[in-house]
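**Student:** Would you mind keeping the following structure in view while I ask a few things?
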Amino acid sequence: MAVEKEPKVQSLGEAEQQHTPDNAEILRKTWSRKAVTIAFSGVFAATFILNFNKFSSGTYVPFATSNFQRHSALSTANVVGAIMSMVAFPILAKFSNVFGRAEGLTVAVLCLTLNDIMIASSQNIGMFIAGTLFSAIGENGYNIMVQIFIADTVNLVNRGLWSNLPEAIATIPTLYLGTLVAEKMLEHSTWRWGYGMWAIILPVSAIPLIGTLYILQRRARKAGYRREGAWDTIDKSVPLHQRLFRLFYIDLDIVGAFLLVAGLALLLVPLSLTGTRRSDRWSDGGNITMLVLGIVLLGVFLIWDTKFAKSPFVPFRMVRERTVVAACGLAILHWMHYAIFTPFFPSYLQVAGGFSPGHATRIDNALRVAVQVAAIFVGLFMKYTKRTQPSVFFGVPITILGQGLLIYFVSQDGGASNSNEASFVVAKVLIGIGLAFQGTGAQIAIQALVPHEDMPVATAVYFASMNLGGAIGACVSGSIWNEHLPKKLMRYLPNEVKPQTMAIFQSFVFAQRFLKGSTVRAAIDKSYRETQQLLAITATSILAPMLIVMFFMKNVNLEKADEMRMANDKSHQGVIDRVVSDTASALSTTIESSTVITETETTTETETATTLTEDGTTMSASVSETSTTIAISESTTVVSSSDTTLVTSSEATTAPTTTEGTTTVVESAITTTTTEAEPTELLINGNFDLGTVDPWLSTLGSNDPVQLGSSSPYQGPAYALLQYGISGGEAYNNYVYQKIDKSLLKTGTYHLSAHVRVDFATNTQFGDGCNSMGLGCYYGDPNNLVRVQGSTVTVAADDAAGQWSPLDTTCSLTEDKLSQYGYVSVAIGFSCANAEANVDAVTFEEVV
């Protein structure tokens, strides 16, 4: 039977994801237009308040650290914050998948509130830095879940616009309103109240958004749309501490999180602190010890997450997609450059430039304004070009140009003049425009290339890459500043002021006490200019490799990707009766397996003959010498046509005859069965060792037939081989399957198993290789997509790359479905492009 090849363009994971959705998809099942409108309004409102908090608080940071006589600790705070931000993305993405989006947002807002409380009441730099940890977790947790929310509700063509719109609307006014409020707060109150007031305002403003999501989640669960994660699947009789252990150990990979945080902290923080403690020495024993331990822990983290973690903190399978790697590389380089130049730039503007605190912050914020304004145009640009690569190719050179100009601008001694201000603003605007173009293009490309179920983690990894670059850049910035500024102050300051060098170095407020135009102030300004110029040169050199990395980005067709996902949605409408736990990847047309528990009746001797029906299934008729009927045939007719199916018997003798190329084998057997019967094997040629692939079929028929392979079989001399080409530049699906007639099956449970192998694996439908594999059962032909009720086995192809990997499952058959369709097909399938997939040692047995 020939089956016409369908133009499959989706990955295995995407269609399965429609059948086993995550929490966001479960919410969509009960969303109305009104609910979505309220939720989006909540996003805009909460984002506005969050940005107001962030941009007003940024003005207070130099005053807070200088209050503790530790202004140079800014870089340390930035390093620690960047580390926590990096791990916050995947942790909160996982957390929200286990518990829900509303719960994740609640944690984020609580962390932000704790940050404001701790900093407002801090009495030392240690408590201040501790507060920044909660800020990093909260702010980035909020941002990642907003992006996931938008990705779940907006198609790819429009996502570039909508993913930037909340930030754009909130950022532009709050950038300037925030600094104005901060200046008034410093004039009429203290920086402590500047933080403290947000501990009240922020949680209140988040209530509408979080409340809406809680209501929607509750409505979804009442309607029966329930996702079973690790917490739900654990037996409720298990002690609470054991359930919590499994939750954190498996689903959240807390071990991986600890190793990553500890490794990065031990590696990066000493680099920043070295200049503060020993600005002329790098040989401090404590620092070397921390650096070595950091490297060791990061190595242990890599081993843990690749070899032992069941739900890896960082999904390393994504590194096989070059666009994901390139996009993360661009993010690391850009934010590394940004974190090198930016931390001390506001201090430079106030000391060497002579600008007021608010004015300096507004100059620095020109970049943020440019990003948000340009991001709207980028979204519209991508909406009409429907491609991701052009925005990346435009954005990278513009970014490098803007940063290169700053090398010259920061070296000029013009004071707070209009020309100087305009120069800084132009350079910052160019960097902002470049970031908007290349950042948006890279993010949407990643989301388009990975299966939708992997989108939250992929987005989190991309965002985490930004913070990794920021953490490294902050270390470099702190090291350069702490190493070179004291030396330059010692070189240029008059001898009578040199004893105050460390006081000037540690507090820019103290540095500003010296009058403009004085010899001392001129020396301070020159030291600031030369040190900031060194930071500008370093930042520009970091950007240069982006000109090479950007060429590794694929030019994704967003319209085609949207059409593919819409087709998947339509083909699976109304399929959610219940949701089973997540799979690493899933077949685009989900293969679900089933098994049957049969009831046998006692008889003495039975002789059975079988015949072949027109549709290729095998029909069996039992003749008993007693009045008891045996429901399982013990003999089989074999026809070697490509459209026929064999069913096996437990004992048989064979006598073959040949008629016009078709071999018929009439078998007979005499068997005594009881209710305590052993499991019955129902497949023929499960090891593919009969010198033929019959009776196994391919769902694509003669277009991609099943072949025999003999290179290192799992057992015996041969195995089944499926050779995949490519369809429209993407992977497609094909299964090897065998039909079993209903006369051989009864209501109950059966066990299906197989060993599979692929020549090489990938994690996307756009690349060569196999991205997923699975096995299961269908009522009737597999192309009918009538799946047997039961568990599904669908996994990524990674474990089968170049080696045999086992798959097995059990599921249930029902009498009404058997009567309706007449037979069951057992199938083993793959999604591949320009690759080979193998199957061997297939068994399908009754479970008694």
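Using N, Cα and C of the backbone, Cβ positions are placed for all residues, glycine too.
Sequence annotations record features per position, and here TrEMBL assigns region 'Disordered' to 1-20. According to TrEMBL, the feature transmembrane segment maps to 35-53, 73-93, 105-130, 195-216, 247-273, 285-304, 324-345, 391-410, 460-481, 534-553. Summarising the annotation, TrEMBL assigns domain 'Major facilitator superfamily (MFS) profile' to 39-557.
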**Student:** Any chance the transmembrane segment (391-410) and the transmembrane segment (534-553) are in contact, meaning at least three CB pairs closer than 8 A with a sequence separation of 6+?
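**Tutor:** Yes, these stretches are in contact.
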**Student:** Where, among 35-53, 105-130, 324-345, do we find the most CB pairs under 8 A to the transmembrane segment (534-553)?
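**Tutor:** Ranked by Cβ pairs under 8 Å, first place goes to 324-345.
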**Student:** With CB pairs under 8 Å as the measure, which of the listed stretches 105-130, 324-345, 460-481 comes out on top against the transmembrane segment (247-273)?
**Tutor:** 460-481
**Student:** Within the domain 'Major facilitator superfamily (MFS) profile' (39-557) only, compute the mean pLDDT.
**Tutor:** 82
